[in-house]
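Colleague: Checked TrEMBL, it gives:
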COMPBIAS  1-15  compositional bias 'Polar residues'
REGION    1-41  region 'Disordered'
TRANSMEM  96-117  transmembrane segment
TRANSMEM  166-185  transmembrane segment
TRANSMEM  191-211  transmembrane segment
TRANSMEM  223-246  transmembrane segment
TRANSMEM  258-282  transmembrane segment
TRANSMEM  457-478  transmembrane segment
TRANSMEM  490-511  transmembrane segment
TRANSMEM  518-537  transmembrane segment
TRANSMEM  557-576  transmembrane segment
Amino acid sequence: MSAPQYSPPSSSGAADTSFPREKGSEDAITPAPAPAPQVISTGGQATTEEYVSEAQRAAQAGQLPFRWASLYEPAVVNPANGKSYTFNLLRFWDPYATSFWLATLGFFTAFICWFSFGALMTEAVRGDLKLTAEQVANSNLASLSGTVLVRFIAGPAVDRYGPRKVLASLLVLGAIPSALVPTVTTKGGLYTIRFFISLLGGTFVPTQAWTTTWFDRQVVGTANAFSGGWGNLGGGLSPVLMINTFEGLVRAGMTHHLAWRISFLVLPVPLLFVVAALILLLGRDHPAGKWSQRHQLAGTAMAVAAGREVHLDAREIREQERMRENAGAEGGRSEKVRASAKGQDFFESGIKADAVDTAQSEPLTPKSALAVASDLRVWMTALCYMTSFGLETALDAALPQLLYGLFGGPNFTVADAAYAASMYGLLNLFARPGGGVICDILYRKYRPQGLGVRAKVTFLIATATAQGVLMIGLGFYIDKGSPPTLGGVLGFLVGVAMTGFAANAAAYACYGHFRPQNVGTVAGCVGAFGALGGMIYTGIFKYQPGTKAARTLGKKFWIAGIFNVVAILPFGFLPLGDAA
């Protein structure tokens, strides 16, 4: 008995027609004519043939130029997958902009709360728990280790349940250990609580997957970079918020012993619950509607017409059965379906779509897991993110102590060192979004030659390698020659930030092209390696502290830079090829 057919939704219930493949292409599909178009409700411009706009045609061909008005106009929608060709972040009521802002807000909130302990460590926690420098470093490692694990788990969860639910769930899970902070009385309790709070670091995965779900590959680098960069600013804002909360409680009459503990109940815990509720109440899973409806767009019809496998979970199968019953057609059950597809959504459009256009997130299977694990492009992106984001997290913790160790004195206090160090993180405001914009410009320029993804990958490798070279230069500048100046060190740090943050953005722009049916899993792998990199660089900084007198404070930096270059540079010589 043959397997039941996958039937995309149709207002008419017309018979299936197949899309012939374009000659000489495995992925490109030319829709066949059908009697009547069907309107897909996506919140942007209508996406069926009779209403396909010139903007949509230009965008599909990679020829849609940027216009400032596109920031607040209705989305120009890809008719295959419902994703937006434009980045309309200022049209707040539009579901595309709403999804972007909720994803960014969730990530921003998670970073505020994830870094809350670090903000109070120097002023309150360390003295109250009588911690040594080594114990503080160990607690910092604990605050990263949980992130590595949860990012690996969050990826398949996103593919199965959708990024909105996973993001809200992680915020709630992070609120629970945050609420238990007042119970901490020993270093062991501190390590345990910080480990579980680090679950909040896993929000990177659903944040990136959510924006990737709503924005097409021509602007996804920009959308992901803005979401990641602005969300990451929460880590820079955390010290200001937590220290002010702590000092306010002290002024209200609390002891230091009690005030730092209650600070978590005043700010992080309610903030996490409120934002999680906003995401669940105001967010939308997918341009098609519910996550279980994601395969009802025309792209899936085109995929099965091309002979690609589409895996449905139990909820999607039930949704298909319900639709067939409503249409009076026979239903059936199958976890793996192949079928011909209906062409009315692309009536005489001439629109071509490849695997990235038609793919939707699917539950992870052993076969797809092996495909992800064996893809060199995934490894390349993960290692680049390991060196760029990993270094960023380590530097955020190490820079204040380094700058004070180098220049501390009556005219350069601990507070001055902290403010100078904050410059590094604040460059996320534009360096990371700028990297995403550059990637999208390169993609649009070189896509007609079939080199669009290769251009993104080249930019990723170049910026990640440049960060390592600048780290080597910073290390030798501190240790060799004339005594370093504050301006010189900050100049190197600006270069490290600009290249490293741009590499972060380039990683966001690239990974959506690789294994698009499992974009959550790929994002989880990339994100987990970023957290792993933070642990590696923190370990380097811990075991290579150096001293000012011996001119060895820079050793940690040139060691980190060499590790960076050695990990990334070989990918510049491997034939990774392009992607869809």
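Every residue, even glycine, has its Cβ placed from backbone N, Cα and C.
Just so you know, TrEMBL annotations are computer predictions that nobody has curated.
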Colleague: Quick test of the contact rule: Cβ under 8 Å, at least six residues beyond the ends. What residues does that give for the transmembrane segment (490-511)?
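Modeller: For the transmembrane segment (490-511), the nonlocal Cβ contacts are 208, 220-221, 224-225, 228-229, 377-378, 381, 384-385, 387-389, 391-392, 395, 399, 420, 423-424, 427-428, 431-436, 438-440, 443, 453, 456-457, 459-460, 463-464, 466-467, 470-471, 473-474, 477, 519, 522-523, 526.
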Colleague: Which residues of the chain, 6 or more past the ends of the transmembrane segment (557-576), have a CB below 8 A from one of its CBs?
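Modeller: Those are 376-377, 380, 383-384, 386-387, 391, 394, 454, 457, 461, 464-465, 467-476, 478-479, 536-537, 540-541, 544, in sequence order.
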Colleague: So which of 96-117, 166-185, 191-211, 223-246, 457-478 has the most C-beta pairs under 8 Å when paired with the transmembrane segment (258-282)?
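Modeller: Of the candidates 96-117, 166-185, 191-211, 223-246, 457-478, 166-185 scores highest.
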Colleague: Counting only pairs 6 or more apart in sequence, are there at least 3 Cβ pairs under 8 Å between the transmembrane segment (191-211) and the transmembrane segment (518-537)?
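Modeller: Answer yes: the transmembrane segment (191-211) meets the transmembrane segment (518-537) with 3 or more Cβ pairs below 8 Å.
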Colleague: Which residues, given as numbers and ranges, are at least 6 beyond the ends of the transmembrane segment (166-185) yet have a Cβ under 8 Å from it?
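Modeller: For the transmembrane segment (166-185), the sequence-distant neighbours (Cβ-Cβ under 8 Å, at least 6 residues beyond its ends) are 103, 106, 109-110, 113-114, 116, 129, 150, 154, 157-158, 193, 196-197, 199-200, 202-203, 205-207, 210, 261-262, 264-265, 268-269, 272-273, 275-277, 279-280, 283.
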